[in-house]
Each structure stands twice: as C-alpha cells, then as structure tokens.
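Per TrEMBL, the features are:
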ACT_SITE  GLU213  active site, proton donor
BINDING   ASP51, GLU91, GLU143  substrate binding site
DOMAIN    17-220  domain 'Thiaminase-2/PQQC'
Amino acid sequence: MSTISESRSFTTDWLHQNHELYTAATNHTFIASIRDGTIDVINFKHWMEQDYHFVREFVRFVASVLLKVPRDSPEQDADVILGGLTALESEISWFRKEANFWQIFLEKVTPLESNKEYCEFLKELEGTETPYPVAVVAFWMIELVYNASFMSCLEEGSKTPFELLSTVKRWGSLEFHQYVHSLQQLADKALENVSEAELKKAHEVCVRILELEIKFWDMATIQTG
Ligand SMILES: Cc1ncc(CNC=O)c(N)n1
C-alpha cells in the first residue's frame, strides 16, 4: 500500500482492516484493463459519462465539507479544501474538453442506478446531521480511491494507452497524491477528539464509500451497448 502513510492512525488502521475491499476498489478490472492496455474504449466512455455527472454532485459535497471546517482550526485546513474545490473547476472544464475528443454528449447522459445511489449518499453526508470529522473522512476516502487506482496505471511496466494518459495523470499525479495526503491528515486530526459513536460512524462511511466506488467502476464494465 504505497499510497498510505506508515504511521499509525485511525485512517491507516481502517485501510488495513478493510484491505480486501480497498484492493477491490483500487485494483478493479476497469483499472487493471487501463494498466494492461486491454481496455475497450466503450467502457472508458461509459465511465467518463457517468463520472462527469458524479463530479457535478461532488462539488456540492466538497462545498459542504468546507462549510463544516471548525472556525477555530488553522486557516490552512480550510485552504486544503478550498484547493480541492478550485481543482474541481478545472476538472469540469477538462471533462468537457475530453468529452469533445471522445464524442460524448455530456448533457444527454442519464445517470445509472449506482451513480444515483452514490450521489444520494453524498447528499446524506452534506446534511448538518453529518459532523465535520465524518464528512472530512469521507472526502479523503473518495479522493484516495481515485488516486491509488490511477497511480497504479502510471507504475513502471504499465501499458496505459496514450489517449488515456491525460485521465490517468489527473488523479494519479504526485500533486494529487500530496493533496490526498493532506486530506488524510485533516481527517486524522478531526478524529482525535470524537466520541466512540462518531468514530464508528466515520469507519462505516469509509466502508460504504469503498463499496460505492466498486459499483461505480462496475458501471463502466458491466454496461453494454
Ligand atoms: C466516483 C468518483 N470517485 C472519486 C472521484 C475523484 N474526485 C474528483 O474528481 C471521481 N471523480 N469519481
């Protein structure tokens, strides 16, 4: 697990405890097919269509996390999340440009069931019932899955097709990796003083996200036509 910091913390413990699920989410057949160069373009397009819709919803979730940052925390904490939001703006432009290249009509896409389910879950997390520590843990986990998945497509020996490098580098870059690490630090700091009940909730949210991410990749490969 090269993307995980080695020191002991709640987040690293949870990754170890859910190792199988984490591997299923970050080494899915969709990702493996990018890495070994056997990916069918139709699957890639399916993923991109669905992910654009997801990202639009994700922007709202990230904004909700920003609002929950405690006012007495150092300014840098909010800045990390603000940086994430800023990156999402260029990400949306990137999606439009890529969609053009792949001849995808983003406004014609209907979100599939697993995508809708994930977006519904994001909405739950956006509410005031979800406290900051739980929300920031969720944020970290969502970004981690993409970072770890796409980083593996840049490893030595990977045969990622040239046309997919732009995608793979977006989430697999060292810069994105460092940002995910900052999120992990925010998450662990937020978890320092929470109740047992909140800790349990945060762990459950991590597991749920891993499951939803697996189903998200599934959409690209299971869908036909
Ligand atoms: C389903 C899913 N999970 C995580 C990400 C990565 N975050 C923002 O782009 C994403 N794009 N899509």
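Cβ atoms here come from the backbone N, Cα and C positions, even for glycine.
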Span of the substrate site, taken as the largest CA to CA distance across ASP51, GLU91, GLU143 (Å, rounded to a whole number): 13
Greatest C-beta neighbour count within 10 angstroms, which of the recorded positions ASP51, GLU91, GLU143, GLU213: GLU213
Distance, GLU213 (active site, proton donor) to GLU91 (substrate binding site) (CA atoms, angstrom): 19
Output field, substrate shell: CB within 8 Å of site CB centroid, site ASP51, GLU91, GLU143 dropped: PHE54, VAL55, PHE58, LEU88, TYR146, ARG170, TRP171
Cα distance (Å, whole number) from the residue listed as 'active site, proton donor' to GLU143 (substrate binding site): 10
Integer Cα-Cα distance in angstrom, ASP51 (substrate binding site) to GLU213 (active site, proton donor): 11
Conformational class of ASP51 (substrate binding site) under the three-state DSSP mapping: helix
